[in-house]
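*Asks:* Got a structure here, written out as structure tokens. Questions coming.
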């Protein structure tokens, strides 16, 4: 960050705001725009509009809202890092990419939207976190996902905690993210400014994802919300909402499993919950400042008025809503993502209420680059919802559906999960659609998702389930995932040979496992002896 810090950056952007608004909108058939996508990790989309935006100062997101459009109902297609990013980079739903968990993503040679833009004349550049190809993440993460059908219940995460570092002068807390942000800024100022062709720039950030905790001891995994006093002062404590929790005995069975494996079934004081949420919001403020660095670099090089900017996240963060932290859930805190777009031709100060999802980014990028949109994509271009003038609309395939789909097949959840979101309803079903009860929430009357009304509205459940089955044969997909998990675990177990017992006893669940290791090994053996699920 420059010597003046975020405040000076913001003042500079406020001064250029009028000039940006007055900049002429390039005609539809003029040179193609530059495109920038900033994708962070674990950012709750509800913080980008009222009332969530009252909780923390996010000046650069607000700048994008004033000079562009914000989507009020944007969702991840899978609330976990790799599967979500696989959907975003491929334009395909998770059951089509078969990115079932954080270890299984796209093939390295898969043609992404950025590959096509490069093929059609764009100069492309990527910095930071990508995380959409196979073979990443820890052994613990893989094994926990593969064994979620085993009949045992083990804590897989550390109890969420906070950590305050530095003083009021400590701005750059997440050093890795600031380093890649600096690289992107340098590239803009030294390389992009001299290009004779349009560019597509991607910046991937780790924040506001919780930080890793010590592997051994009472806390392990990635459960630390870390920030400095500088960012914590951006949070309005009086506006922090303490979530209402359902009693453990009344929780949906999948929610209870998630809460237990995330180590959240113990006692938490209101002060603990408030601090966890405050530290998370402070991490969001630091993320916003990195976005500001990029916007300022574009302004300094006179590229801002020539560039379409998108800001989003792979998923959200529950931050102790529904007695959980992390993601891996279809509740709003986890599945609702930010999506803001600004640039030449984009409507300003617009709030878009249509339901959209991350698979829509692929066709949108192709539209921006004047590349014919592939017909097999799961997503639809966002441009018809964004462009200032009707004549600017690009040819597209059929009407946008009135729903979005999200699905989850990874760790911390013991059943494949499918979510269909419409304008009013959120329908969540599991596994084969029979063995686990569904959930239905009326988000217009119950935005906190505290009352499952599936029994009260059986016709709505039936109607939404019919739509869902027309999109995906989810019982078959669930069976496919179960068989995949078992085969992967068997292969991993065989690769360890005599070391299997020692290795599995030292994964993230080691504290619970070591209490009764024989019991848990026997449970795995029973699971392995069961017949393969029919597809």
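Glycine too: its Cβ is placed from the backbone N, Cα and C atoms.
Summarising the annotation, Swiss-Prot assigns active site, nucleophile to 81. Per Swiss-Prot, Ca(2+) binding site is recorded for 41, 81, 314, 315. The substrate binding site annotation in Swiss-Prot covers 129, 252. Annotation source Swiss-Prot lists N-linked glycosylation site at 194, 263, 376, 414, 499. What Swiss-Prot lists as 3-oxoalanine (Cys) is 81. Taken from Swiss-Prot, the feature signal peptide applies to 1-21, supported by sequence analysis.
Could you place these features in context, so I can see how deep they sit and what lies close by?
*Replies:* Residue density at residue 81 (active site, nucleophile): 26 other Cβ atoms are found within 10 A of its Cβ, drawing on all protein chains shown.
Long-range Cβ neighbours of residue 315 (Ca(2+) binding site) (same chain, at least 6 residues apart, Cβ-Cβ under 8 Å): 41, 42, 76, 78, 79, 80, 81, 84, 327, 334, 335, 337. According to its DSSP assignment, residue 315 (Ca(2+) binding site) is coil.
Using a 10 Å radius centred on the Cβ of residue 129 (substrate binding site) and all shown protein chains, the other Cβ atoms total 22.
Residue 194 (N-linked glycosylation site) falls within a helical segment according to DSSP.
Take the CB of residue 263 (N-linked glycosylation site) and look out to 10 A: across all protein chains shown you find 22 other CB atoms. Mapped onto three states, the DSSP output places residue 263 (N-linked glycosylation site) in coil.
Over all protein chains present, the Cβ of residue 376 (N-linked glycosylation site) has 8 other Cβ atoms lying within 10 Å.
Classification of residue 414 (N-linked glycosylation site) by DSSP places it in coil, neither helical nor stranded.
Around the Cβ of residue 499 (N-linked glycosylation site), the number of neighbouring Cβ atoms within 10 Å comes to 9.
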*Asks:* Restricting the comparison to the recorded positions 194, 314, 376, 414, 499, which residue's C-alpha is spatially nearest the C-alpha of residue 129 (substrate binding site)?
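*Replies:* With Cα distances computed to residue 129 (substrate binding site), the winner among 194, 314, 376, 414, 499 is 314.
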*Asks:* How many Å lie between the Cα of residue 499 (N-linked glycosylation site) and the Cα of residue 414 (N-linked glycosylation site)?
*Replies:* 26
*Asks:* Looking only at Cβ atoms, how many others are within 10 Å of the one on residue 41 (Ca(2+) binding site)?
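*Replies:* Cβ-Cβ neighbours of residue 41 (Ca(2+) binding site) within 10 Å number 25.
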*Asks:* Out of 194, 252, 314, 414, give me whichever of these recorded positions has the highest number of other Cβ atoms within 10 Å.
*Replies:* 314
*Asks:* On a C-alpha basis, identify the one among 194, 314, 376, 414 that is nearest to residue 252 (substrate binding site); the candidates are the recorded positions.
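*Replies:* For residue 252 (substrate binding site), the spatially nearest of the recorded positions is 414.
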*Asks:* Near residue 376 (N-linked glycosylation site), meaning Cα within 10 Å, which of 194, 263, 314, 414 (recorded positions)?
*Replies:* none
*Asks:* If you compare CA-to-CA distances from residue 263 (N-linked glycosylation site) to each of the recorded positions 194, 314, 414, which comes out shortest?
*Replies:* 414
*Asks:* Report, in whole Å, the straight Cα-to-Cα distance of residue 314 (Ca(2+) binding site) from residue 414 (N-linked glycosylation site).
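*Replies:* So the Cα of residue 314 (Ca(2+) binding site) lies 21 Å away from that of residue 414 (N-linked glycosylation site).
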